[in-house]
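Here is the structure we will look at, set down as structure tokens.
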Amino acid sequence: MNKYSAFIVCISLVLLFTKKDVGSHNVDSRIYGFQQSSGICHIYNGTICRDVLSNAHVFVSPNLTMNDLEERLKAAYGVIKESKDMNANCRMYALPSLCFSSMPICRTPERTNLLYFANVATNAKQLKNVSIRRKRTKSKDIKNISIFKKKSTIYEDVFSTDISSKYPPTRESENLKRICREECELLENELCQKEYAIAKRHPVIGMVGVEDCQKLPQHKDCLSLGITIEVDKTENCYWEDGSTYRGVANVSASGKPCLRWSWLMKEISDFPELIGQNYCRNPGSVENSPWCFVDSSRERIIELCDIPKCADKIWIAIVGTTAAIILIFIIIFAIILFKRRTIMHYGMRNIHNINTPSADKNIYGNSQLNNAQDAGRGNLGNLSDHVALNSKLIERNTLLRINHFTLQDVEFLEELGEGAFGKVYKGQLLQPNKTTITVAIKALKENASVKTQQDFKREIELISDLKHQNIVCILGVVLNKEPYCMLFEYMANGDLHEFLISNSPTEGKSLSQLEFLQIALQISEGMQYLSAHHYVHRDLAARNCLVNEGLVVKISDFGLSRDIYSSDYYRVQSKSLLPVRWMPSESILYGKFTTESDVWSFGVVLWEIYSYGMQPYYGFSNQEVINLIRSRQLLSAPENCPTAVYSLMIECWHEQSVKRPTFTDISNRLKTWHEGHFKASNPEM
């Protein structure tokens, strides 16, 4: 038994006798702080924190028990497991954070318990003016403690200035190992900013006690949550697009210092490689190389960093190494050839008088071998031709379900616009039954690259699978002769954007609420079909919806980029043109296109419908629009737009993509509203 253990036993005996005497006079023992005779540092034997606190001495406040804390932790962890607001990268730190916050580890458990009992004794000693009898009793207690002090060999260890100055003891007053302050601040301010704020306010999690990072001491001997900042100081170049770059470059190509990522990116928890730093990175492969945010004339913009590509740096080394290897092989080959010639020359001197039989004059030219090789090449060529033929047959089989026409069956009437593949025309199609119908013709431009031709055929394969009354369906193709064409049903009233403008109050016309809902419902049902087939549109807008007679609306993607729509697209950091006014922040910043981003776009289309085709964020430049979307400056309600419809728009523009409604939910709501308006407009039905 060490000296601290012996002292605890002795102190406990003194307190026991003191408590007995005092208790006989009906004095509440809680005044003396005797609730917990086992001290405040306990060996953890629970289940919730077993993985991080097993067999550790943990601090338990005198007014609580280990069972109390265990029950609170169970309840709090149950809330966390069921929470849908918890990011996956944040969830892994939730339990260690709760365990370390509620039960920090005692650095010196025996000494901490010793000081606790000494404080209890000192606290009992200081009670005065209870009664004369009590004073006599207290004098006896003080005498007992004084005798013990004199006999104790470790008196200076206990009854000295080292005794904790506060009673009851707290996490701040004791010698405890707590969460590392730097990791706590990263958790609270960057990686789990939203989750940490919710936890602090939550009634169940708050009962456990979440650490206030500002009050944590700066101490190297602390409890680590395992949060690591991914940095490799030796990495001075990047591979591919730089999404795996972890170097320490923190200056843009123009020489401006990079800003800390957490200052500008709200969803930093999706990219844990960005926490606690301002180094150049390429999260989500947004750019072609590492980049960062910089300050530029009152606004923060994206700039690429001046970091070399690893392939460029090692190119010379590769060429040099390859040249050296080739040179070595040449030298070895020359040596072998020289030795063989020497041997042959020596052998020929011995047999030069022997008469050789007559032979084919081509035997030294290996004519037969050459012929065999030629035959082999021929067979190999036939094999490659066979593989290519099979590939074409497979491609042809995928196109068999589409009607095929010749250019003689198609008559081009007028140009409608121009897209990525080429021009789009209005025309006439002669069908097998000798009747003609009006069609929209999407023609592949002349001298298109191999990749463009492949993309064109790939689009045919994709579109051929789409069959819905609110999707513009392909009628057939022309693939036997250039120009290759896709043939679509022709929509008489043009695109929805033009239709809305031509029926707006500025043209002396208007649409009813029933017509607005009819348009919106058809688009939502078309998108519901696409999303059910895991198809992401990426460019849903009024300009890409077509209107036929009878107010039939169908979704298309003809890629019409006429001059009147050029302002709807914006080139972000030298990438392809993007319709930023219809895109959520995750698509603009990270190039993340999903069904949820299509839902955002549908909300903007709904806004276009009720504003009669007005351009979203009219009057702002595209860069200003990006800043507005990132700062959650949403479009205001159009004039005469029903509150319920605008509320649906707001839901579609939820910052967290998972909280946006599905197209099924949207269609159900619009259908209910449409039926209500229809019944109100036709009471006799």
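Positions of Cβ are set from backbone N, Cα and C atoms, glycine also.
Going through K442, K451 against Swiss-Prot, the one listed in the ATP site together with L416, G417, E418, G419, A420, F421, G422, K423, V424 turns out to be K442. Bond annotation: of C180, C184, C192, only C192 is listed by Swiss-Prot as forming a disulfide with C90. In Swiss-Prot, the entry for N-linked glycosylation site among N45, N447 corresponds to N45.
Each of C180, C213 is a candidate, yet Swiss-Prot gives the disulfide link of C184 to C213. The disulfide-bonded residues recorded for this entry are C90, C180, C184, C213, C310, and the Cα of C180 lies nearest to that of C106 (disulfide bond).
Counting only residues at least six positions away in the same chain, the Cβ atoms of N250, S252, C258, L259, W261, N278, Y279, C280, R281, I302, E303, C305 sit under 8 Å from the Cβ of C292 (disulfide bond). In this structure, the CA atom of C99 (disulfide bond) is 41 Å away from the CA atom of C237 (disulfide bond). Looking at the topological domain 'Extracellular' (25-317) alone, the prediction's average pLDDT is 78. Ranking the disulfide-bonded residues C180, C192, C213, C222 by the distance of their Cα atoms from the Cα of C310 (disulfide bond) places C192 first. Shown are the disulfide-bonded residues C180, C184, C310; the one with the most C-beta atoms within 10 angstroms of its own C-beta is C184. Put simply, of the disulfide-bonded residues C41, C49, C213, the one whose Cα is nearest the Cα of C192 (disulfide bond) is C213.
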